[in-house]
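Engineer: Below are the structure tokens for one structure; questions will follow.
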Amino acid sequence: MRTLNLDLGERSYPIFIGQSLLQNPALFTPHLSSQQVLVVTNTTVAPLYLAQLKATLSHCDKLDSVVLPDGEQHKTLGVLNTIFDTLIAQRHNRKTTLIALGGGVVGDMTGFAAACYQRGVNFIQVPTTLLSQVDSSVGGKTGVNHPQGKNMIGAFYQPQAVVIDTQVLDTLPERELSAGLAEVIKYGIIADIPFFEWLETNMPALLARESEALAYAIEVSCAIKARVVAQDEKESGIRAILNLGHTFGHAIESHQGYGDWVHGEAVGAGMVLACELSSRLGWLDAKECDRAVALIAAAGLPTEPPSGMSPDAFMRYMAIDKKVLDGGLRLVLQRGLGNAVVTGDFDAVVLQQLLRDRCIG
């Protein structure tokens, strides 16, 4: 087992990475506020791992669970209320601990419920998708979507621990594996050229779910994210580089309807647009751009926007992105591989031409 630490002073917490961790009570017990626990999961994960986690937590005096519908389209205030309804009906108090057993949607919603219930209770992240293991479970971003924009309602609220059992990836659908690899690739592009080069060599091993390759990719990804979040917990500065491709990607998700493209697919196509814009601006060498696009494609991710999405649709959704400052669009772009910047200082004409060139059908 590997253990990382996200250093946030009093809000610091461990990130455990290894196999069969769901069966280890010692990883959970120190992080429970009391013997009250509510496990939040979804209809896909519950048949696979809920009983296993409940057995691990069988020493708890009060152990309840709630099973949410699966999918980004259910990341809403209405479904969030299901968690609150269960907490209240089962008389959980402010000493309870919520455990998020699932992917990014479950983790984001459980964290937001924990931030809100009785003005804040503890929670633990147990991510079951590659994307949530390397990204959404670490860093304290929680929330739900709004019809006009992704993650528009939420809070920064840190977990007590993140327990990453790599063995659960054995049951992950191939599409979700590729989606998670989008976030893994992102870390190499924005901050770590040796890791990017390692990914170029080891993508076949990752797609084949070789355990050592996956564990290494997860550890490096979490270490990069932990390092960035430790410097900028509330995303007022450098943390925004973790959103490479996300402004374009969130626009795709909002336009298509949540759930049509999974998040990692939208981020993959978004990173291609971000790299191509960086190249057209003269900030990223064309060969480096080609390498990034090739790696994204090798992971089985889309490299083009969805057919029928217009440049105007992109601009309309990007205008409400959370990085917009004083009415100005800011993007995460590349000044070379391994060097991401957050900037609004780019030629908008170049962006508009890129979207015209890439938006087809």
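Note that Cβ sites are derived from N, Cα and C of the backbone, with glycine treated the same way.
Among the features that Swiss-Prot reports, NAD(+) binding site is placed at 70-75, 104-108, 128-129, LYS141, LYS150. Summarising the annotation, Swiss-Prot assigns Zn(2+) binding site to GLU183, HIS246, HIS263 and lists sequence analysis as the type of evidence.
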Engineer: With ASP108 (NAD(+) binding site) as the reference Cα, tell me which of the binding-site residues GLU183, HIS246, HIS263 is the closest one.
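Structural biologist: Sorting the binding-site residues by distance from ASP108 (NAD(+) binding site), the top entry is HIS263.
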Engineer: Near GLY104 (NAD(+) binding site), meaning Cα within 10 Å, which of GLU183, HIS246, HIS263 (binding-site residues)?
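Structural biologist: Qualifying among GLU183, HIS246, HIS263: HIS263.
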Engineer: Can you give me the residues near the recorded Zn(2+) site, meaning same chain, not GLU183, HIS246, HIS263 themselves, Cβ no more than 8 Å from the center of the site's Cβ atoms?
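Structural biologist: Going along the sequence, the neighbours come out as LEU131, ASP135, ALA182, LYS186, GLY245, GLY249, GLY264, ALA266, VAL267, GLY270.
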Engineer: Far apart in sequence but close in space: which same-chain residues, 6 or more away, have a Cβ under 8 Å from GLU183 (Zn(2+) binding site)?
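Structural biologist: In sequence order, LEU130, LEU131, VAL134, ASP135, SER221, GLY264, VAL267 meet the Cβ cut-off.
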Engineer: In the structure shown, with every protein chain counted, which of the binding-site residues ASP70, GLU72, ASP108 has the densest set of Cβ atoms within 10 angstroms of its Cβ?
Structural biologist: ASP108
Engineer: Going by DSSP, is ASP70 (NAD(+) binding site) sitting in a helix, a strand, or coil?
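Structural biologist: Coil, per DSSP.
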Engineer: How big is the gap, in Å, between the Cα of THR129 (NAD(+) binding site) and that of HIS263 (Zn(2+) binding site), rounded to a whole number?
Structural biologist: 12
Engineer: Could you give the Cα-Cα distance between VAL106 (NAD(+) binding site) and HIS263 (Zn(2+) binding site), in whole Å?
Structural biologist: 14
Engineer: Which entry in the list of binding-site residues, HIS74, LYS150, HIS246, has its Cβ near the fewest other Cβ atoms, using 10 Å as the limit?
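Structural biologist: With the binding-site residues HIS74, LYS150, HIS246, fewest surrounding Cβ atoms within 10 Å: HIS74.
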